[in-house]
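This report concerns only the one structure given below.
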Amino acid sequence: MQIVDFLIALLPALFWGSVVIINVFVGGGPYNQIRGTTLGTLFIGFSLLATGHAAFDNLTVIIVGLVSGALWAFGQGNQLKSVHLIGVSKTMPISTGMQLVGTTLFSAIFLGEWSTIVQVVMGLIAMILLVVGISLTSLKAKSEGKSDNPEFKKAMGILLLSTIGYVGYVVLGDIFGVSGTDALFFQSIGMAIGGLILSMNHNTSIKSTALNLIPGVIWGIGNLFMFYSQPKVGVATSFSLSQLLVIVSTLGGIFILGEKKDRRQMIGIWSGIIVIVIASIILGNLK
(Lines of atoms letter the chains of each structure in order from A and count residues from 1; the text may use other names and numbers.)
(Lines give C-alpha, C1' and ligand atoms only; values in the text may rest on other atoms or scores of the structure.)
Protein backbone atom coordinates (compact mmCIF):
# COMPACT_ATOMS: atom_id res chain seq x y z
CA MET A 1 0.00 0.00 0.00
CA GLN A 2 1.51 3.31 -1.08
CA ILE A 3 1.23 6.38 1.13
CA VAL A 4 -0.67 8.26 -1.60
CA ASP A 5 -3.29 5.50 -1.81
CA PHE A 6 -3.63 5.53 1.98
CA LEU A 7 -4.13 9.30 2.02
CA ILE A 8 -6.74 9.06 -0.73
CA ALA A 9 -8.51 6.36 1.30
CA LEU A 10 -8.84 8.92 4.12
CA LEU A 11 -10.64 11.42 1.88
CA PRO A 12 -14.12 9.79 2.04
CA ALA A 13 -14.12 10.32 5.82
CA LEU A 14 -13.11 13.96 5.36
CA PHE A 15 -15.69 14.62 2.65
CA TRP A 16 -18.58 12.66 4.19
CA GLY A 17 -17.86 14.02 7.66
CA SER A 18 -18.01 17.56 6.27
CA VAL A 19 -21.45 17.17 4.66
CA VAL A 20 -23.62 17.79 7.72
CA ILE A 21 -21.24 20.51 8.96
CA ILE A 22 -21.75 22.41 5.71
CA ASN A 23 -25.51 21.75 5.78
CA VAL A 24 -25.78 23.42 9.17
CA PHE A 25 -23.26 26.15 8.32
CA VAL A 26 -25.17 27.33 5.22
CA GLY A 27 -28.49 26.86 7.04
CA GLY A 28 -31.98 26.56 5.62
CA GLY A 29 -33.50 23.90 7.89
CA PRO A 30 -33.73 20.15 7.23
CA TYR A 31 -36.05 20.33 4.21
CA ASN A 32 -33.96 22.84 2.27
CA GLN A 33 -30.91 20.83 3.30
CA ILE A 34 -32.15 17.47 2.06
CA ARG A 35 -33.51 18.94 -1.18
CA GLY A 36 -30.27 20.78 -1.92
CA THR A 37 -28.01 17.90 -0.88
CA THR A 38 -29.80 15.32 -3.01
CA LEU A 39 -29.91 17.64 -6.02
CA GLY A 40 -26.19 18.22 -5.50
CA THR A 41 -25.51 14.51 -5.90
CA LEU A 42 -26.96 14.80 -9.41
CA PHE A 43 -23.91 16.80 -10.49
CA ILE A 44 -21.74 13.78 -9.75
CA GLY A 45 -24.28 11.42 -11.30
CA PHE A 46 -24.43 13.35 -14.56
CA SER A 47 -20.64 13.68 -14.65
CA LEU A 48 -20.50 9.87 -14.60
CA LEU A 49 -23.08 9.75 -17.39
CA ALA A 50 -21.12 12.28 -19.45
CA THR A 51 -17.90 10.29 -19.10
CA GLY A 52 -19.52 7.00 -20.11
CA HIS A 53 -19.69 5.46 -16.62
CA ALA A 54 -23.43 4.74 -16.66
CA ALA A 55 -25.00 1.84 -18.55
CA PHE A 56 -28.72 1.36 -19.23
CA ASP A 57 -28.61 -2.30 -20.26
CA ASN A 58 -29.37 -3.88 -16.87
CA LEU A 59 -32.83 -3.32 -15.39
CA THR A 60 -31.79 -4.72 -12.00
CA VAL A 61 -29.00 -2.15 -11.67
CA ILE A 62 -31.38 0.66 -12.62
CA ILE A 63 -34.09 -0.35 -10.13
CA VAL A 64 -31.65 -1.11 -7.29
CA GLY A 65 -29.92 2.22 -7.92
CA LEU A 66 -33.15 4.22 -7.88
CA VAL A 67 -34.57 2.50 -4.78
CA SER A 68 -31.33 2.52 -2.78
CA GLY A 69 -30.81 6.19 -3.65
CA ALA A 70 -34.29 7.03 -2.38
CA LEU A 71 -33.56 5.08 0.82
CA TRP A 72 -30.37 7.11 1.31
CA ALA A 73 -32.39 10.32 0.94
CA PHE A 74 -34.81 9.04 3.59
CA GLY A 75 -31.90 8.25 5.92
CA GLN A 76 -30.14 11.55 5.31
CA GLY A 77 -33.33 13.58 5.64
CA ASN A 78 -34.12 12.09 9.03
CA GLN A 79 -30.51 12.51 10.15
CA LEU A 80 -30.80 16.23 9.35
CA LYS A 81 -34.01 16.40 11.40
CA SER A 82 -32.10 14.94 14.35
CA VAL A 83 -29.31 17.47 13.85
CA HIS A 84 -31.93 20.22 14.02
CA LEU A 85 -33.07 18.86 17.41
CA ILE A 86 -29.87 17.86 19.22
CA GLY A 87 -26.97 19.12 17.10
CA VAL A 88 -24.26 17.57 14.95
CA SER A 89 -21.87 16.49 17.70
CA LYS A 90 -24.54 14.40 19.40
CA THR A 91 -26.32 13.12 16.29
CA MET A 92 -23.39 11.87 14.24
CA PRO A 93 -21.76 9.39 16.68
CA ILE A 94 -25.17 7.91 17.50
CA SER A 95 -26.19 7.75 13.84
CA THR A 96 -22.88 6.20 12.76
CA GLY A 97 -23.08 3.59 15.52
CA MET A 98 -26.67 2.71 14.64
CA GLN A 99 -25.78 2.33 10.97
CA LEU A 100 -22.88 0.01 11.76
CA VAL A 101 -25.08 -2.11 14.04
CA GLY A 102 -27.89 -2.25 11.49
CA THR A 103 -25.82 -3.09 8.41
CA THR A 104 -23.68 -5.61 10.28
CA LEU A 105 -26.60 -7.49 11.82
CA PHE A 106 -28.47 -7.58 8.52
CA SER A 107 -25.40 -8.83 6.65
CA ALA A 108 -24.64 -11.43 9.33
CA ILE A 109 -28.19 -12.76 9.69
CA PHE A 110 -29.57 -12.53 6.14
CA LEU A 111 -26.47 -12.54 3.93
CA GLY A 112 -24.44 -15.05 5.97
CA GLU A 113 -21.31 -12.91 6.24
CA TRP A 114 -20.39 -14.42 9.61
CA SER A 115 -19.62 -17.98 8.58
CA THR A 116 -17.02 -18.93 11.22
CA ILE A 117 -16.92 -18.99 15.01
CA VAL A 118 -14.18 -16.35 15.00
CA GLN A 119 -16.31 -14.01 12.89
CA VAL A 120 -19.31 -14.50 15.18
CA VAL A 121 -17.27 -13.83 18.33
CA MET A 122 -15.48 -10.80 16.90
CA GLY A 123 -18.73 -9.50 15.43
CA LEU A 124 -20.51 -9.72 18.78
CA ILE A 125 -17.60 -7.96 20.48
CA ALA A 126 -17.88 -5.18 17.88
CA MET A 127 -21.64 -4.91 18.53
CA ILE A 128 -21.04 -4.52 22.26
CA LEU A 129 -18.37 -1.88 21.61
CA LEU A 130 -20.76 0.04 19.37
CA VAL A 131 -23.46 0.11 22.04
CA VAL A 132 -20.89 1.29 24.60
CA GLY A 133 -19.59 3.93 22.19
CA ILE A 134 -23.07 5.26 21.43
CA SER A 135 -23.84 5.45 25.16
CA LEU A 136 -20.63 7.37 25.88
CA THR A 137 -21.29 9.97 23.18
CA SER A 138 -24.81 10.49 24.53
CA LEU A 139 -23.83 11.55 28.06
CA LYS A 140 -25.80 14.46 29.45
CA ALA A 141 -24.18 17.62 30.69
CA LYS A 142 -23.63 17.66 34.44
CA SER A 143 -26.05 20.59 34.73
CA GLU A 144 -28.85 18.55 33.11
CA GLY A 145 -28.97 16.09 36.01
CA LYS A 146 -31.30 13.14 35.57
CA SER A 147 -34.12 15.07 33.90
CA ASP A 148 -35.50 13.61 30.67
CA ASN A 149 -34.85 15.53 27.47
CA PRO A 150 -37.91 15.26 25.19
CA GLU A 151 -35.93 16.52 22.18
CA PHE A 152 -33.32 13.79 22.67
CA LYS A 153 -36.03 11.11 22.88
CA LYS A 154 -37.64 12.46 19.71
CA ALA A 155 -34.25 12.55 17.97
CA MET A 156 -33.58 8.91 18.89
CA GLY A 157 -36.85 7.86 17.25
CA ILE A 158 -35.97 9.88 14.16
CA LEU A 159 -32.50 8.31 14.04
CA LEU A 160 -34.03 4.83 14.14
CA LEU A 161 -35.98 5.75 10.99
CA SER A 162 -32.82 7.24 9.51
CA THR A 163 -30.95 4.01 10.18
CA ILE A 164 -33.56 1.98 8.30
CA GLY A 165 -33.00 4.17 5.26
CA TYR A 166 -29.22 3.99 5.47
CA VAL A 167 -29.17 0.23 6.04
CA GLY A 168 -31.48 -0.30 3.07
CA TYR A 169 -29.19 1.85 0.93
CA VAL A 170 -26.12 -0.19 1.92
CA VAL A 171 -27.50 -3.74 1.76
CA LEU A 172 -29.76 -3.53 -1.30
CA GLY A 173 -26.84 -3.78 -3.69
CA ASP A 174 -25.45 -6.78 -1.80
CA ILE A 175 -28.81 -8.55 -1.92
CA PHE A 176 -29.08 -8.23 -5.71
CA GLY A 177 -25.37 -8.40 -6.52
CA VAL A 178 -25.15 -4.83 -7.82
CA SER A 179 -21.88 -2.95 -7.35
CA GLY A 180 -21.83 0.62 -6.10
CA THR A 181 -19.98 1.91 -9.15
CA ASP A 182 -22.57 0.46 -11.54
CA ALA A 183 -25.49 1.89 -9.55
CA LEU A 184 -24.07 5.31 -8.67
CA PHE A 185 -25.69 7.29 -11.50
CA PHE A 186 -29.11 5.76 -10.84
CA GLN A 187 -28.65 6.25 -7.10
CA SER A 188 -28.16 9.97 -7.67
CA ILE A 189 -31.49 10.05 -9.55
CA GLY A 190 -33.18 8.15 -6.71
CA MET A 191 -31.65 10.50 -4.14
CA ALA A 192 -32.93 13.56 -5.98
CA ILE A 193 -36.42 12.09 -6.30
CA GLY A 194 -36.40 11.08 -2.63
CA GLY A 195 -35.24 14.54 -1.55
CA LEU A 196 -37.98 16.22 -3.57
CA ILE A 197 -40.66 13.93 -2.10
CA LEU A 198 -39.45 14.53 1.47
CA SER A 199 -39.47 18.30 1.04
CA MET A 200 -42.41 18.83 -1.31
CA ASN A 201 -44.98 19.63 1.40
CA HIS A 202 -42.69 22.03 3.26
CA ASN A 203 -41.64 25.62 2.66
CA THR A 204 -38.25 25.81 0.99
CA SER A 205 -36.30 28.68 -0.55
CA ILE A 206 -34.31 28.70 -3.77
CA LYS A 207 -31.34 30.39 -2.08
CA SER A 208 -31.08 27.88 0.78
CA THR A 209 -31.58 24.94 -1.55
CA ALA A 210 -28.88 26.28 -3.87
CA LEU A 211 -26.39 26.67 -1.01
CA ASN A 212 -27.10 23.11 0.08
CA LEU A 213 -26.08 21.81 -3.33
CA ILE A 214 -22.50 22.12 -2.06
CA PRO A 215 -22.65 19.29 0.52
CA GLY A 216 -24.35 17.07 -2.06
CA VAL A 217 -21.47 17.53 -4.49
CA ILE A 218 -18.99 16.94 -1.67
CA TRP A 219 -20.75 13.71 -0.67
CA GLY A 220 -20.61 12.49 -4.26
CA ILE A 221 -16.90 13.26 -4.56
CA GLY A 222 -16.30 11.34 -1.32
CA ASN A 223 -18.11 8.39 -2.89
CA LEU A 224 -15.82 8.50 -5.93
CA PHE A 225 -12.75 8.49 -3.68
CA MET A 226 -14.21 5.48 -1.85
CA PHE A 227 -14.63 3.51 -5.07
CA TYR A 228 -11.12 4.48 -6.17
CA SER A 229 -9.49 3.48 -2.89
CA GLN A 230 -11.19 0.09 -2.39
CA PRO A 231 -9.13 -1.80 -5.01
CA LYS A 232 -5.98 0.04 -3.89
CA VAL A 233 -6.07 -0.55 -0.13
CA GLY A 234 -8.74 -3.25 0.18
CA VAL A 235 -12.39 -3.20 1.21
CA ALA A 236 -11.68 -3.73 4.92
CA THR A 237 -9.19 -0.86 5.16
CA SER A 238 -11.25 1.56 3.07
CA PHE A 239 -14.39 0.75 5.07
CA SER A 240 -12.62 1.23 8.40
CA LEU A 241 -10.99 4.51 7.34
CA SER A 242 -14.28 5.86 5.99
CA GLN A 243 -15.85 5.49 9.44
CA LEU A 244 -13.46 8.17 10.69
CA LEU A 245 -16.09 10.56 9.32
CA VAL A 246 -17.57 10.48 12.82
CA ILE A 247 -14.48 12.29 14.11
CA VAL A 248 -14.68 14.95 11.40
CA SER A 249 -18.38 15.63 11.88
CA THR A 250 -18.38 15.50 15.69
CA LEU A 251 -15.38 17.78 16.16
CA GLY A 252 -16.65 20.04 13.39
CA GLY A 253 -19.92 20.42 15.28
CA ILE A 254 -18.06 21.43 18.43
CA PHE A 255 -15.27 23.62 17.05
CA ILE A 256 -16.74 25.00 13.80
CA LEU A 257 -20.43 25.24 14.66
CA GLY A 258 -19.75 26.09 18.31
CA GLU A 259 -21.90 23.41 19.95
CA LYS A 260 -21.31 23.63 23.69
CA LYS A 261 -20.13 20.63 25.70
CA ASP A 262 -18.95 20.42 29.28
CA ARG A 263 -15.87 18.47 30.37
CA ARG A 264 -17.87 15.33 31.19
CA GLN A 265 -19.48 15.30 27.74
CA MET A 266 -16.17 15.93 25.97
CA ILE A 267 -14.59 12.96 27.75
CA GLY A 268 -17.61 10.84 26.81
CA ILE A 269 -17.52 11.99 23.17
CA TRP A 270 -13.80 11.31 22.75
CA SER A 271 -14.06 7.94 24.49
CA GLY A 272 -17.15 6.99 22.48
CA ILE A 273 -15.55 7.96 19.17
CA ILE A 274 -12.48 5.85 19.95
CA VAL A 275 -14.66 2.86 20.85
CA ILE A 276 -16.80 3.27 17.69
CA VAL A 277 -13.71 3.50 15.50
CA ILE A 278 -12.25 0.35 17.10
CA ALA A 279 -15.54 -1.45 16.46
CA SER A 280 -15.59 -0.28 12.83
CA ILE A 281 -12.03 -1.58 12.32
CA ILE A 282 -13.07 -4.98 13.70
CA LEU A 283 -16.13 -5.03 11.43
CA GLY A 284 -14.08 -3.92 8.44
CA ASN A 285 -11.73 -6.86 8.90
CA LEU A 286 -14.67 -9.28 9.04
CA LYS A 287 -15.67 -8.33 5.48
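Backbone N, Cα and C atoms are what each Cβ position is placed from, and that goes for glycine too.
Listed by sequence, the residues of this chain that lie at least six past the ends of the transmembrane segment (7-29) yet keep a Cβ under 8 A from its Cβ atoms are 36-37, 79-80, 83-84, 88, 91-92, 204-205, 208-209, 211-212, 214-216, 218-219, 221-223, 225-226, 228-229, 232-233, 237-238, 241-249, 252-253, 256-257. The transmembrane segment annotation in Swiss-Prot covers 7-29 (among others), and the record cites sequence analysis as its basis.
Same-chain residues lying 6+ beyond the ends of the transmembrane segment (34-56) with a Cβ under 8 Å from its Cβ atoms: 19, 23, 28, 62, 73, 76-77, 80, 181-182, 184-189, 191-192, 194-196, 198-199, 204, 208-221, 223-224. The transmembrane segment annotation in Swiss-Prot covers 34-56 (among others).
Under the heading transmembrane segment, Swiss-Prot lists 58-75 (among others), citing sequence analysis as support.
Swiss-Prot lists 114-136 (among others) with the feature transmembrane segment. If one looks beyond the transmembrane segment (114-136) by at least 6 residues along the same chain, the residues whose Cβ comes under 8 Å of a Cβ in the stretch are 93-94, 97-98, 100-101, 104-105, 108, 268-269, 271-276, 278-280, 282-283, 285-286.
As annotated by Swiss-Prot, transmembrane segment applies to 156-178 (among others).
Look at Swiss-Prot and you will find 183-202 (among others) tagged as transmembrane segment.
Swiss-Prot lists 209-228 (among others) with the feature transmembrane segment, giving sequence analysis as the kind of evidence. Same-chain neighbours of the transmembrane segment (209-228): 8-9, 11-12, 14-16, 18-20, 22-23, 26-28, 32-33, 35-45, 180-181, 184, 188, 238, 242, counting only residues six or more beyond its ends whose CB sits under 8 Å from a CB of the stretch.
Positions annotated as transmembrane segment by Swiss-Prot: 233-255 (among others). Within the chain, the transmembrane segment (233-255) has long-range Cβ neighbours (under 8 A, six or more residues past its boundaries) at 1, 5-6, 9-10, 12-14, 16-21, 24, 87-90, 92-93, 96, 100, 137, 226, 261, 266, 269, 273, 276-277, 280-281, 283-287.
The transmembrane segment annotation in Swiss-Prot covers 267-286 (among others).
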Long-range neighbours of the transmembrane segment (183-202), counting only residues six or more past its ends (CB under 8 A): 31-32, 34-39, 41-42, 44-46, 48-49, 53-54, 61-62, 64-74, 77, 169, 173, 220, 223, 227
Cβ-Cβ under 8 Å with the transmembrane segment (267-286): same-chain residues at least 6 beyond its ends: 89, 93, 96-97, 100, 104, 113-114, 119, 122-123, 125-127, 129-130, 132-139, 235-237, 239-240, 243-244, 246-247, 250, 254, 261
